[in-house]
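Just below is one structure, and these are the notes that go with it.
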Amino acid sequence: MTTSPNSYADKAAEVAARATPERLVVRVRALSDRAIAWLFIAPTIVLLLAINIFPLFWAIYLSFTNFRANRPNAEVKHVGLDNYTRVLNDPDIWVSMQTTAHFVFWTILLQTLIGFALAYLIDRKFRGHAFWTTLILIPMMLSPAVVGNFWRFLYEPQIGLFAYAVSFLTGIPTSEIQMLGSVNLAPWAIIIVDTWMWTPYVMLICLAGLRSIPDYIYEAAEVDRASNWRQFWSITVPMALPFIMLAVLFRGIENFKMFDMVNLLTGGGPGSTTEVASITLKRDAFEAWATGRSSAFAIVLFVAVFGLANIYVKALNRVKQR
Amino acid sequence: MSSAKAPSAKTTSVNAAHSVVEPSSRSKRIAATLVIVYAVVTMVPLVWIFLTSIKSPPDSISYPPKILFTPSIEGYCNLFTTRTRQTAEYIASLPEPDGVCDAVTRQRNMVIAGSSNFLPRFANSLIIAFGSTFLAVGLGTLAAYGFSRFKVPLADDLLFFILSTRMMPPIAVAIPIYLMYRQLGLSDTALGMMLLYTAVNVSLAVWLLKGFIDEIPREYEEAAMIDGYSRLQAFRKVVLPQATTGIAATAIFCLIFAWNEYAFASLLTSGSAQTAPPFIPTIIGEGGQDWPAVAAGTTIFLVPILVFTILLRKQLLRGITFGAVRK
Amino acid sequence: MTDQSLTPHSLTPAKPRRPFFLRRGPMEAVAVTVIALGFLMLFQPFLLVLYTYSLVTLLAGTFMFMIVSKFPE
């Protein structure tokens with residue numbers, strides 16, 4: 001719809017161009033180029049403004065009010081920074097931040113260690129490595145919600161495969177392996193599923209990092225009789241580090257806002273042991289309907305993610321230059 | 001630092017140089033063993049989903065978990081139907097069962113009451129995922145071409161802005177979207193979900209496609225334009241065909257995101273526009289979750305993604321790193 | 001630190017360098033540190049006061065990053 005007037009304009013420009021001296025040709029072409037550039041970019045920008053940016057500003061506005069979405073007709077009062085001071089002084093929200101931190105820390109640590117180790121092993125280029133790599137990648141592409149939901153079945157203490165396997169290997173009776181019901185184990189139940197799902201992601205990026213190291217560096221090290229251990233720490237790790245950083249940052253952002261898997265596996269329970277920030281936010285916004293306060297909370301989370309995103313793009317550009 | 005010295009004369013022979021870097025066959029064997037063990041362990045939950053989907057409900061909840069069992073179609077039957085319990089006399093009085101599912105259900109003293117919501121939810125998933133992918137890739141291709149070929153003022157900031165919209169926490173965005181959609185009458189509609197997913201996906205699409213289009217030499221279009229093509233014709237007849245692979249890969253990435261998405265879907269849809277991910281966890285039978293039916297739904301839901309992952313494995317890295325890593 | 005000796009700068013002493021607070025590299029590093037500090041404050045379990053001021057720190061770091069990333073190298 002939007003292109004047809006422009007194609008006419010373009011044709012007109014072309015017709016004009018054929019009949020005019022060269023300098024004018026350049027000018028007409030250049031002008032229409034700029035028009036085309038904006039015409040091409042504008043729809044995307046408009047959509048993002050409407051569906052992402054406008055709601056964001058609305059949320060900022062709401063965060064300064066006492067609006068409640070379940071009472072749309074009640075009078076809306078401006079409360080200044082009250083919502084922010086409440087969110088930032090609320091011990092419960094603070095605790096949910098620590099729960100999030102615990103989750104983010106352990107998932108990233110495990111995923112980086114296992115992912116890098118796997119990448120290192122796959123980089124040995126044994127026969128059939130491509131096939132096994134593809135197999136390892138599969139969990140990453142699946143829906144965290146749908147698969148996470150099924151993990152509830154695997155975690156069932158009596159009938160679940162996970163509890164059975166653990167009890168088979170360790171001798172602990174299955175009735176004691178209450179992965180989702182126990183306060184101590186529930187956070188680890190989520191960490192295990194997330195690690196199972198996202199280790200391949202870290203592996204894939206580490207593998208790209210390892211493959212970007214040129215062979216001649218290893219050859220030179222070999223000539224210098226550097227031990228394998230030394231080569232690993234002074235060539236492999238430093239050269240792959242930008243890639244590892246990229247993976248860590250991206251997983252950090254993703255897990256900071258983790259919602260679907262936690263919501264389906266534990267729903268924040270038992271009690272509030274697995275109540276990560278997104279779950280608290282959802283309860284505040286869609287169960288307590290404290291829209292104003294939850295908007296302030298949402299803005300806090302958004303600022304945090306936005307800060308990380310800045311660093312992520314910096315890391316992205318650094319990797320791109322390689 | 002000493003390792004960075006130029007390769008010395010010893011490594012002039014190509015074969016010798018290669019044998020230095022090539023891992024020994026013993027280390028290869030160890031690596032292969034460890035990787036295969038990991039791959040097998042990681043596949044167990046997925047295999048278990050499939051096995052559960054072809055178990056009968058009593059088999060699925062037996063202790064210890066059954067690995068050998070008689071396959072049953074009951075999970076799939078239960079997934080697509082709703083059933084009511086009846087007395088044995090009533091069932092005996094019915095005419096011959098009509099189809100396999102009917103017979104299986106009657107063995108449990110139940111009769112099929114109607115079809116379940118799974119098919120409509122699955123259809124919603126299809127419509128919303130394909131619709132939003134189509135829109136996102138269409139808009140994304142145009143914008144990516146704009147960013148790739150023309151000097152756009154503040155291009156870097158615009159691109160960062162586009163990327164950062166994808167990183168927003170979904171719940172944080174969901175609050176104002178919920179209010180906005182309520183005002184516009186878009187809540188719980190396929191159109192609303194489609195627009196939302198398009199907005200989230202278009203950021204990825206622009207980033208990826210810009211990378212692909214950057215790789216197409218400008219000279220192709222310039223040559224075409226000297227031959228009398230207009231800019232738009234050159235875009236359509238030269239750039240688009242060259243970018244087909246990139247567009248297809250991007251489309252599959254957008255499709256997978258929209259297909260898998262749960263947070264927005266669970267908060268913004270409840271009935272007519274609900275997609276499969278929020279629906280599958282709600283499948284319940286008598287006395288709790290009907291795991292074979294859930295597994296059947298999960299299997300049907302995951303198979304398309306499995307196929308795409310295998311098709312896409314070459315482009316995978318590029319997609320998940322926002323185009324930073326090419327191979 | 002080591003890269004300074006490797007860059008062409010050291011070979012062309014004619015150009016006076018900008019002070020470090022107007023160059024992109026070091027200031028970006030400072031901004032990233034501030035953002036990281038904000039995260040630590042958000043996540044730490046020890047002092048509620050630090051948590052309270054994490055948002056301000058994160059905002060400051062992010063704004064600083066956005067501004068200094070416009071500086072020339």
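Every residue gets a Cβ built from N, Cα and C, even glycine.
Features as listed in TrEMBL:
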TRANSMEM  B:30-51  transmembrane segment
DOMAIN    B:122-312  domain 'ABC transmembrane type-1'
TRANSMEM  B:126-146  transmembrane segment
TRANSMEM  B:158-179  transmembrane segment
TRANSMEM  B:191-209  transmembrane segment
TRANSMEM  B:238-259  transmembrane segment
TRANSMEM  B:291-312  transmembrane segment
Apart from its near flanks, which chain residues at least 6 from the ends of the transmembrane segment (B:126-146) lie with a Cβ under 8 angstroms of it?
152, 162, 190, 193-198, 201-202, 204-206, 208-210, 212-213, 235, 239-240, 243, 247, 250-251, 254-255, 258-259, 273, 275
Counting only residues 6+ away from its ends, which parts of the chain sit with a Cβ under 8 Å from the transmembrane segment (B:291-312)?
46, 49-50, 52-57, 60-61, 72, 74-76, 78-79, 118, 122, 125, 249, 252-253, 255-256, 259-260, 276-277, 279-281, 283, 285, 319
Long-range environment of the transmembrane segment (B:238-259) - Cβ separation under 8 angstroms, sequence gap at least 6:
125, 128-130, 132-133, 136-137, 140-141, 145, 197, 200-201, 204-205, 208-209, 211-213, 216, 220-221, 224, 229, 304-305, 308, 311-312, 315, 318-319
